[in-house]
Amino acid sequence: MKRVLTALAATLPFAANAADAISGAVERQPTNWQAIIMFLIFVVFTLGITYWASKRVRSRNDYYTAGGNITGFQNGLAIAGDYMSAASFLGISALVFTSGYDGLIYSLGFLVGWPIILFLIAERLRNLGRYTFADVASYRLKQGPIRILSACGSLVVVALYLIAQMVGAGKLIELLFGLNYHIAVVLVGVLMMMYVLFGGMLATTWVQIIKAVLLLFGASFMAFMVMKHVGFSFNNLFSEAMAVHPKGVDIMKPGGLVKDPISALSLGLGLMFGTAGLPHILMHFFTVSDAREARKSVFYATGFMGYFYILTFIIGFGAIMLVGANPEYKDAAGHLIGGNNMAAVHLANAVGGNLFLGFISAVAFATILAVVAGLTLAGASAVSHDLYANVFKKGATEREELRVSKITVLILGVIAIILGVLFENQNIAFMVGLAFAIAASCNFPIILLSMYWSKLTTRGAMLGGWLGLITAVVLMILGPTIWVQILGHEKAIFPYEYPALFSISVAFLGIWLFSATDNSAEGARERELFRAQFIRSQTGFGVEQGRAH
């Protein structure tokens with residue numbers, strides 16, 4: 001049981017233990033011209049792709065789903081590119097650098113939600129939906145209320161994730177490039193808007209694919225050079241790391257991340273079910289032609305991400321040997337220059353020199369751009385498709401819907417820049433944890449039960465979904481992270497850092513209770529419609545494929 005709890009505790013988002021690069025003050029580094037030049041090459045190339053994509057975006061289908069013409073392999077790379085953030089790359093490597101073996105369990109925790117997506121969600125989501133997961137949730141339920149709830153859940157998750165990414169972008173670029181924080185935030189915001197505004201999902205997908213390839217190449221090269229240093233022997237790798245690490249043999253012992261069983265379960269559930277409720281990830285399943293390609297997308301994405309997180313483990317131990325024991329990378333006080341999250345960046349310099357250091361720094365920036373572009377498109381589609389076209393102005397033309405979507409992109413971009421500047425010196429690490437908790441407590445229960453439970457009604461979905469969302473937010477505010485560390489109170493009202501265990505339970509219980517007690521004629525009609533939905537979800541009958549889907 002203790003091993004299980006250890007593993008579950010390790011599945012929390014990077015924000016809890018690996019967020020020093022995205023929270024508080026950072027030590028600005030000298031201007032890195034190699035990194036800036038390489039990043040400019042990446043920007044010019046991706047803007048060229050955006051121009052190419054803009055010539056092919058002629059309809060709503062093209063803008064939201066790239067015309068449904070992305071292959072399973074391409075989509076798998078894009079999903080991996082959307083999910084593998086710069087903070088997970090630097091943060092997990094830093095956790096292995098400081099804690100050893102626990103970092104491996106931690107990195108594997110990022111994958112626990114993907115079997116759920118593969119076996120329970122991907123195919124049915126593609127067969128039932130068109131542009132957003134709200135299409136699936138509202139398939140047999142009342143369009144208006146369900147779309148409002150789904151859009152609110154999406155927008156809250158997107159907003160929290162976007163703030164964390166923008167602040168993280170500013171901090172990381174200040175660390176890696178030596179650029180001013182405000183310049184970095186504005187640069188990320190402007191590029192993000194350009195990708196999404198002109199290229200839509202097609203440009204966003206290819207930016208994410210390129211970023212994934214660059215990140216996988218860079219991490220593979222670093223891991224190869226580390227293993228070459230130890231004669232391609234894991235025994236030598238671990239022995240040398242234990243010999244130079246201050247904790248010695250203790251870095252090979254698990255369990256250092258466990259606080260208590262409730263926190264472990266709550267964190268584990270939050271990441272596992274939260275992944276299956278992230279709107280910018282779910283949107284990718286509508287970019288492929290059919291359910292078979294959607295399933296292949298998850299298969300490839302899981303493979304790429306699993307490989308990547310194994311590499312971060314090798315990189316972390318390599319940093320212990322080649323960076324931790326090298327005084328060149330320490331300041332006068334004996335601490336790592338720039339903080340522990342710079343371990344992977346310093347290792348890039350140690351194994352590949354200044355040129356490769358510039359490459360890894362540019363890849364870290366590209367990683368942020370790929371993630372924020374996906375978030376922005378998900379937020380814009382929630383407003384334009386779910387709210388505008390299906391609630392506030394039913395029957396809106398494609399042109400009107402696309403105009404609203406692009407206006408939303410501009411508004412989201414400006415808001416993201418402003419909030420990124422305002423939160424510069426705030427501890428925003430909790431925001432990613434809260435985003436996962438809300439995705440797990442509001443989005444995931446509604447998606448899952450709308451596809452699998454025949455007795456679900458609009459009444460149950462609405463009351464249970466809102467209860468889950470509100471519970472997650474309230475418990476997070478009353479918990480130690482916000483109530484004590486940010487608001488300055490002496491003791492937290494809610495004793496646990498992450499609320500997912502409780503808010504998910506409230507959501508599922510609420511959905512079951514209010515659906516089971518719904519005796520209305522509308523509820524009976526919605527239950528009867530489940531059979532037709534089930535047939536389509538299993539067979540794909542009635543789903544248009546390719547460009548016209």
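Keep in mind that glycine also has a Cβ here, set from the backbone N, Cα and C atoms.
Positions annotated as topological domain 'Periplasmic' by Swiss-Prot, on the basis of sequence analysis: 1-32 (among others).
Per Swiss-Prot, the feature transmembrane segment maps to 33-55 (among others).
The topological domain 'Cytoplasmic' annotation in Swiss-Prot covers 56-75 (among others) and is backed by sequence analysis. DSSP assignment over the topological domain 'Cytoplasmic' (56-75) gives 13 helix, 0 strand, 7 coil.
Sequence annotations record features per position, and here Swiss-Prot assigns transmembrane segment to 76-98 (among others). Within the chain carrying the transmembrane segment (76-98), a Cβ under 8 angstroms from the stretch's Cβ atoms is held by residues 14-15, 17-22, 70, 104, 106-107, 110, 165, 168-169, 172, 205-213, 215, 219, 275, 280-281, 284, 287, 296-301, 303-305, 308-309, 312-313, 315-317, 319-320, 323-324, 340-345, 347, 364-365, 367-368, 370-371, 374, all 6 or more beyond its ends.
Listed by sequence, the residues of this chain that lie at least six past the ends of the topological domain 'Periplasmic' (99-102) yet keep a Cβ under 8 A from its Cβ atoms are 10, 241, 245, 247, 250-257, 316-317, 320. Among the features that Swiss-Prot reports, topological domain 'Periplasmic' is placed at 99-102 (among others).
Feature annotation from Swiss-Prot assigns transmembrane segment to 103-125 (among others). Same-chain residues lying 6+ beyond the ends of the transmembrane segment (103-125) with a Cβ under 8 Å from its Cβ atoms: 6-8, 10-12, 17, 83, 88, 92-93, 95-97, 133, 136, 254, 257, 268, 271-276, 281-282, 285-286, 291-292, 294-295, 297-299, 301-302, 305-306, 309-310, 312-313, 316, 447-448, 451-452, 537-538.
The topological domain 'Cytoplasmic' annotation in Swiss-Prot covers 126-145 (among others). On the 0 to 100 pLDDT scale, the model's mean across the topological domain 'Cytoplasmic' (126-145) is 90.
Counting same-chain residues at least six beyond the ends of the transmembrane segment (146-168), those with a Cβ under 8 angstroms from any Cβ of the stretch are 15, 21-23, 85-87, 132-134, 137-138, 185, 188-189, 277-280, 368, 371-372, 375-376, 378-379, 382-383, 386-387, 390-391, 412, 416-417, 419-420, 423-424, 426, 428-429, 431-432, 434-435, 438-439, 442-443, 446, 458, 461-462, 465-466, 469, 473. If you look up Swiss-Prot, you'll see 146-168 (among others) marked as transmembrane segment, on the strength of sequence analysis.
Residues or ranges marked as topological domain 'Periplasmic' in Swiss-Prot: 169-182 (among others).
Among the features that Swiss-Prot reports, transmembrane segment is placed at 183-205 (among others), with the record citing sequence analysis.
Within the chain carrying the topological domain 'Cytoplasmic' (206-211), a Cβ under 8 angstroms from the stretch's Cβ atoms is held by residues 42, 45-46, 49-50, 53, 74, 77-79, 81-82, 195, 199, 363, 366-367, 369-370, 373-374, all 6 or more beyond its ends. Annotation comment: Swiss-Prot describes 206-211 (among others) as topological domain 'Cytoplasmic'.
Annotation comment: Swiss-Prot describes 212-234 (among others) as transmembrane segment.
The topological domain 'Periplasmic' annotation in Swiss-Prot covers 235-263 (among others) and is backed by sequence analysis.
Cβ atoms under 8 Å from those of the transmembrane segment (264-286) belong to residues 5-9, 11-13, 16, 64-65, 68, 75, 78-79, 82-83, 109-110, 112-114, 116-117, 120-122, 125-126, 129-133, 153-154, 157-158, 161, 201, 205, 258, 294, 297, 374-375, 377-379, 381-382, 433, 435-440, 442-444, 447-448, 496-502, 504, 549 of the same chain, restricted to positions at least 6 beyond its ends. Swiss-Prot lists 264-286 (among others) with the feature transmembrane segment, giving sequence analysis as the kind of evidence.
Below 8 angstroms of C-beta separation, residues 72-73, 75-77, 79-80, 83-84, 88-89, 92-97, 100, 103-104, 107-108, 110-111, 114-115, 117-118, 122, 212, 215-216, 219-220, 222-223, 225-227, 229, 237-238, 241, 244-245, 251, 343-344, 346-347, 351 of the same chain, each at least six residues beyond the ends of the transmembrane segment (298-320), sit close to that stretch. Residues annotated as transmembrane segment in Swiss-Prot: 298-320 (among others).
Note: the topological domain 'Periplasmic' (321-358) comprises 24 helix, 2 strand, 12 coil (DSSP; helix = H, G, I, strand = E, B). Per Swiss-Prot, topological domain 'Periplasmic' is recorded for 321-358 (among others).
Among 183-205, 212-234, 428-450, 462-484, 494-516, 183-205 has the largest number of CB pairs under 8 A with the transmembrane segment (359-381). Only residues 6 or more beyond the boundaries of the transmembrane segment (462-484), in the same chain, are considered here, and those with a CB under 8 A from a CB of the stretch are 145-146, 149, 152-153, 156, 429-430, 433-434, 437-438, 440-442, 445-446, 490-500, 502-504, 506-515. Here the listed stretches are 183-205, 212-234, 428-450, 494-516, and the one with the most C-beta pairs under 8 angstroms to the transmembrane segment (33-55) is 183-205. Shown for the topological domain 'Periplasmic' (485-493): DSSP residue counts in helix, strand and coil, namely 2 helix, 0 strand, 7 coil. Helix, strand and coil counts under DSSP for the topological domain 'Periplasmic' (235-263) come to 18 helix, 0 strand, 11 coil.
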